[in-house]
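Only one structure is covered here, and it is reproduced in the block below.
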Amino acid sequence: MSEKKINLLDLDRKAMRALFADMGEKPFRADQLMKWLYHFGVSDFEEMTNINKVLRQKLAARCEIVAPEISSFQKSTDGTIKFAINVGQGQEVETVYIPEDDRATLCVSSQVGCALECTFCSTGQQGFNRNLTVSEIVGQIWRVSHFLGFAKDTGERPITNVVMMGMGEPLLNLANVIPAMDIMLDDFGFSLSKRRVTLSTSGVVPALDKLGDAIDVALAVSIHAPNDELRDILVPINKKYPLDEFLAGIRRYIAKSNANRGRVTVEYVMLDHINDSTDQAHELAKLMKDTPCKVNLIPFNPYPGSPYGRSSNSRIDRFSKVLMEYGFTVIVRKTRGDDIDAACGQLAGDIRDRTKRLAKKRMQENQISVTMN
């Protein structure tokens, strides 16, 4: 039986250099290869013309370059594109490209499904299957970059920002998310600014501390309720890591981070007559007063079977004005791609194994999988 080949898209620069050292090669050769992968999108060793033939042959014998394939895509009337990405075993995740006048953001998934079961989120209602590998995470960017033309002009704006806000809770997959983000930030990788890579979390506090020790990226935090009683219902992980613990973890992260410029983004989905009253706005403002942040109000995007409705514009406006009276910067997120179910909270994918009992068992046994090993 032949030895399984190493997928080079699984390796950040440190791991890539270690592989090349094992082959008796100098570190700069690893850097050259990464540029071919991430600057030019080359997947054929024979096209890497500044790498000598002997090394190309060694690489072909020992390594491979395999990214998950785009199985289908839908384009919204607003230019948003939702991609179904085939990650094997009959499973798909969803990746969303969001173009704007001055940027283009790619919303990337970190897991097949999600174990957190947030009650307003379509993905959370589908159950959890597995973590994505490094190559499956960076492969989403790699494939969409190919779709957009990499160095060629296809009329689509190239990716300038990446947000880890797709399917899954990124902090439950640190072992793969951290090296994937390293590749996003690396000058020999996708070469993105740390302020242009954002990780969103619902509050796995021990993993948030580990993230802050390992890498510096922009942070978005899913709060969605002004008190523990309501958040226990909307975001069940709150029962394990309540708001006071989460906010303390956020402040620790801010203290370590340059990418956040001293404050994080608070995400707050607007659910009609659930969490959107002016009293709750006052409560949220008092909750967040010691945590430097701007607030992103997200109109709820309904999905089939959802028990919630979207807050009216007038309720969102009143809620926003209360927060601004306390001095918060408030942004009401423009809904993008809702006509193709690509908006926030609508990603579900094709998850064949939706056994929630398995997810809950893993959460109990692994303390929600916060180790990086």
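Each Cβ is built from the backbone N, Cα and C atoms, and glycine gets one as well.
In Swiss-Prot this protein carries:
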ACT_SITE  GLU94  active site, proton acceptor
DOMAIN    100-339  domain 'Radical SAM core'
DISULFID  CYS107-CYS344  disulfide bond
BINDING   CYS114, CYS118, CYS121  [4Fe-4S] cluster binding site
BINDING   GLY168, GLU169, SER200, SER222, ILE223, HIS224, ASN301  S-adenosyl-L-methionine binding site
ACT_SITE  CYS344  active site, S-methylcysteine intermediate
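Shown on the structure are the features that Swiss-Prot records.
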| residue | record | DSSP (3 states) |
| --- | --- | --- |
| GLU94 | active site, proton acceptor | strand |
| CYS107 | disulfide bond | strand |
| CYS114 | [4Fe-4S] cluster binding site | coil |
| CYS121 | [4Fe-4S] cluster binding site | coil |
| GLY168 | S-adenosyl-L-methionine binding site | coil |
| SER200 | S-adenosyl-L-methionine binding site | strand |
| SER222 | S-adenosyl-L-methionine binding site | strand |
Rounded to the nearest Å - Cα separation of GLU94 (active site, proton acceptor) and CYS107 (disulfide bond):
9
For the S-adenosyl-L-methionine site as recorded (GLY168, GLU169, SER200, SER222, ILE223, HIS224, ASN301), determine the largest distance between any two Cα atoms, in Å, rounded to the nearest integer.
19
Taking only the recorded positions CYS107, CYS114, CYS121, which one has a CA atom nearest to the CA atom of GLU169 (S-adenosyl-L-methionine binding site)?
CYS114
Near GLY168 (S-adenosyl-L-methionine binding site), which residues of its own chain have a C-beta under 8 A away, given they sit six or more steps off in sequence?
VAL93, SER109, SER110, GLN111, VAL112, GLY113, CYS114, THR123, ASN131, LEU132
For a quick check of packing: other C-beta atoms within 10 Å of the C-beta of SER222 (S-adenosyl-L-methionine binding site), how many?
25
I'd like the number of other C-beta atoms within 10 A of the C-beta of ASN301 (S-adenosyl-L-methionine binding site), please.
21
Find the one among the recorded positions CYS107, CYS118, CYS121 whose C-alpha lies closest to that of ILE223 (S-adenosyl-L-methionine binding site).
CYS118
